């Protein structure tokens, strides 16, 4: 029996009869029974049917699970509202609190909250899976702010939320209407006067002429939307929060009156949960349970238990112990309780930094900066100071600062004995601290700094927002002025990320003490520091050279920073050169601004209009349903996969006895149990559903276990013991080339002209040869793979709801492995939470695996992958290796290209051959090359099969091309932009696969881009900046693209649709395409609405289902709007033709009236439409044909700034322009461009996959290290270009697609390589400072490691030569 005890009884450990443990959820009182200590808040909420709160990662890294918790602070006597990650919060940790989820703030029935409304109408929701998390982060900020939040506070509140679809810009726009500058939100004054068209200026509050104006011509309008002009989009009622006050959930009065009680509750597997209310009670519990873990936010222990499978039997929550939650400002120090939350500490630090003398708060200011980048708001709202300290992570951001600042830790044992230790002596080893089993950390004493005592923080991570450090540091020096010199009285240098614990550079400290602070000291200290901090070559985490260089870079920055603080002198006679100040100047980061420039060309009632995504209102309220949201029947089971742990091995034996004795176990199935055929594959059946004798990668599925809960299924799967006989693995393209390990029949060749003759004839003034490595990329769709499978009619039929881009593939796989006809298998899907190619084929084997137990047991089976498993087993974007030989003239005109291109397929074919083919098609990008020979091969490696990803090989082929274009520019001493221009293809150009360019708008786009970004001015300004700044450099680049639209496999270019008109005049459309955030359903509905001349609201698209539209191709290749739109239009035209005889007889007052008359006349109001893409087809035997219906052209400009000492960078501006013909929906198309660009920016500069291979020996062979948001970094809000402008080419209809439009999904992706080449341009300037000129390679992603190590200088030269090439998993 669990127990609760009152405050008076808190010191008594004896358990007593309990009162109720309660929780309020969205205003509803809920009693929490005993036995749920193992549950997280997220699991509880979703079990209660509140599925708006999503499971995205399970480690607090994506923000999809964000909710708001409200509690009454007895000390402050007020309600406190905080955003938290429900996936980490133990259920009992929120006992006595009010939890508000996205369902609790607004819905379509009672009305949307202003936050929801603003996000929906600003096009800030695409797939919608991340949307509730963003809504709740913003909502919690507004509820917790006494005054309107600033733009900076809004940005900070969203740092813990990730989006993979939108590119963040519309989300920022949506929420900035709530910023402090927008006074009309809080004064209740409307922007637009209701008396007329008079506009109220948001700046002055008075009528002015700056408001929006319409030409009145809706048929053809040009729109230039500046996101800084964000008020124009929202009407008064949309954003006037005052009208919602009566609907806002209040803090429950019961919780105001209720006294806190101590808790003693239980959970699954003997787990005990205690919540003491006094320090003595904590100490008593710790004495009784020395192995117990103290938790506050559970941000570390939760991950250890969930992801690292550590078993802790006793958890003691100390979040409500007053003695551990105090913060006292003393005369000589700041006293901080160990349980103080980081967000509370940050508030106090900010307050004392303004209240106290400036010389006293140097350490406080350093902590403020470090906590800002520590983690997302949701983590900081629950994570504690003491928890971070006692975790003793070697990369803790704060521990080096405590050490450097001279902090003292107060420790207390079970008997009440106190002792104090210096922070620098507290950390003993890897996650080991100076605490006995009965001791706890009670408080931290941070001394005020003295005059001329300076403390500074440093951190370099893969990404600025919400990321763990690669290396961090805390540095302190206390100076005294003697005569004309500054002498070091005391110093402390501490680092994280360079050893198994946070360490002090003790030799350096000893050297500094007593020395004069000058340039000579800097040089000598660097030498000692180099010896002081030593990293072994095989150190865990890799990047050894980079990490060592950072230790010196940080100290150099610290030296300059201190010099500036004491007057800018680095010696008696010498001041800091102005160019060196760039090392310490923080980059000014204004809020993201953007302009979206497009024309509206209307066709009928809806086509061409910038309509909001049809599901936007459902998505912002959490009402939109995804596969894992589907309720399970009472006897439903969850599945867990049994996965290989070896990259290449024979299966010797399988012992499943452990699984069978697991709690909740219901069945286990292997290859022998598959009713039909165990061999599967989208093109070639070269995979096994369940490995029978041989495994060829880590993560290969060996079998499947089903149990009563998701956690029990995973536990049972882990208890299956497999004995292996290991075989040598192939772990890279290089390994495959050496071993000649290729998939069969994968050799491909394209030819044009005579390459050999061109090279030998002397036509080429120069010939270059080189290699390009192209890194892979994880899809990181926010919704993990999920399938729910069940049987019907006694097992005669199988139905499923799956998160897939290819329902027909699921239908086919399931029928194949079960031995059923396809007509008895149905796959349905309403929407998916992002796909990007990752749910085209690699989702099908998961549905097939789940179908086996479902069919054999006749029960519902749900299989939803955890994020780490999803990333490990479902494949990524293919890495590539290109070996080029290029001949060209002295002017830079390309004459011949000889290219060998290889992709890393992994352990099965999947779609790798088609990916290779498209890469070969796009290996010219946009360049006229008279003589071309491209040979391609698909490499077999012992990794999970790689698969489709936005661009489908095209970006890899184009990136290889742009690399040799860059190299030609270096060789002939011209700018890359000039080389690109003189080699552009033109109207009528014959491509290397025989297709002729028609309607080529490349040069027009390029010239418009040059004009809009003012390229010559930008180039001159960058050059001037670089001349004046030694340690910060800027770079610019312009990059073009040409992307072919169609499936390169001809038969896949077909589409079907079913249109049904009802007697009330509404239209139901079903087609074979899947809505995954790209707005496909919205565009198709617009086409149907315009066809029937009805409002868009009259058209509904319910779901995609294989029993409505058969044999549908995957929603991929950017062609879905073209194909399904045309199929729907054809069906509409059939119905209209049937209605025409009736319609021509008289005028009808409405479409509904016409439909009713047609119905009475027995006219068929249902039609099936079908479309095949014409005039396409390619013959690989002859190497000629038209693989593409048309091309989408685009170009982008980017300007970046890099920190040459750390490798940090940010994109200052990006201008993107695309030719999309007459857009079907310019708002959705702009969203696709922005989302693709930011996703491409991740591929180009942030997202690095690290596998256990020859270059990463610290990772187990064949294992994926970067298998979650903690280690794999997609772009966050902070990575969006500061100026982000997107334009659509005007007046360029496309005659080859529906309503003169063009496809948009994939073409913009490659344009983000402009950021990569701008980074390279900046590195060129940095290398020139060190006398390094000439060509150098820069692989993607251009991570801080690659940027820093390419910027060769006196610090890197101590460890590597200028040609150092960081390792990349390909």
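The backbone N, Cα and C atoms fix where each Cβ goes, glycine too.
What TrEMBL lists as domain '2Fe-2S ferredoxin-type' is 19-105.
Cβ neighbour count for residue 57 ([2Fe-2S] cluster 1 binding site): 26 (other Cβ atoms within 10 Å of its Cβ, all protein chains included). The [2Fe-2S] cluster 1 binding site feature in TrEMBL is assigned to 57, 62, 65, 87.
Around the Cβ of residue 127 ([2Fe-2S] cluster 2 binding site), a 10 Å sphere holds 29 further Cβ atoms from the protein chains shown. Sequence annotations record features per position, and here TrEMBL assigns [2Fe-2S] cluster 2 binding site to 127, 130, 163, 165.
Feature annotation from TrEMBL assigns domain 'FAD-binding PCMH-type' to 266-451.
Marked as FAD binding site by TrEMBL: 294-301, 374, 384-388, 397, 441, 459. Sequence-distant neighbours of residue 441 (FAD binding site): residues of the same chain at least 6 apart with a C-beta under 8 Å from its C-beta are 338, 386, 389, 390, 409, 410, 411, 435.
Here TrEMBL flags 805, 836, 950, 1117 as Mo-molybdopterin binding site. Applying an 8 A CB threshold to same-chain residues 6+ apart, the list for residue 1117 (Mo-molybdopterin binding site) reads 952, 1045, 1046, 1047, 1052, 1306.
What TrEMBL lists as substrate binding site is 840, 918, 952, 1048. Residue 840 (substrate binding site) counts 26 other C-beta atoms within 10 Å of its own C-beta, drawing on all protein chains shown.
Residues or ranges marked as active site, proton acceptor in TrEMBL: 1306.
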Integer Cα-Cα distance in angstrom, residue 918 (substrate binding site) to residue 294 (FAD binding site): 54
Cβ-centroid neighbours of substrate site 840, 918, 952, 1048, 8 Å, sequence order: 911, 914, 915, 917, 948, 953, 954, 1047, 1116, 1117
For the domain 'FAD-binding PCMH-type' (266-451), the mean pLDDT of the predicted model: 95
Between residue 950 (Mo-molybdopterin binding site) and residue 127 ([2Fe-2S] cluster 2 binding site), the C-alpha gap once rounded to whole angstrom: 15
The domain '2Fe-2S ferredoxin-type' (19-105) - residue tally per DSSP class, helix then strand then coil: 14 helix, 31 strand, 42 coil
Among 384, 805, 1048 [binding-site residues], residue with fewest other Cβ within 10 Å: 1048
Residues satisfying Cβ distance under 8 Å from residue 130 ([2Fe-2S] cluster 2 binding site), sequence separation of at least 6: 54, 56, 62, 63, 64, 161, 162, 163, 164, 165, 782, 833
Cα-to-Cα gap, residue 127 ([2Fe-2S] cluster 2 binding site) vs residue 294 (FAD binding site), nearest whole Å: 38
Rounded Cα separation (Å) that holds between residue 387 (FAD binding site) and residue 57 ([2Fe-2S] cluster 1 binding site): 22
Inter-residue C-alpha distance, residue 300 (FAD binding site) and residue 1048 (substrate binding site) (nearest angstrom): 47
Number of other Cβ atoms within 10 Å of the Cβ of residue 163 ([2Fe-2S] cluster 2 binding site) across all protein chains: 31
Candidates 87, 294, 840 (binding-site residues) with Cα within 10 Å of residue 805 (Mo-molybdopterin binding site): 840
Candidate nearest residue 840 (substrate binding site) in space, where candidates are the binding-site residues 57, 65, 294, 297, 384 and distance is Cα-Cα: 57
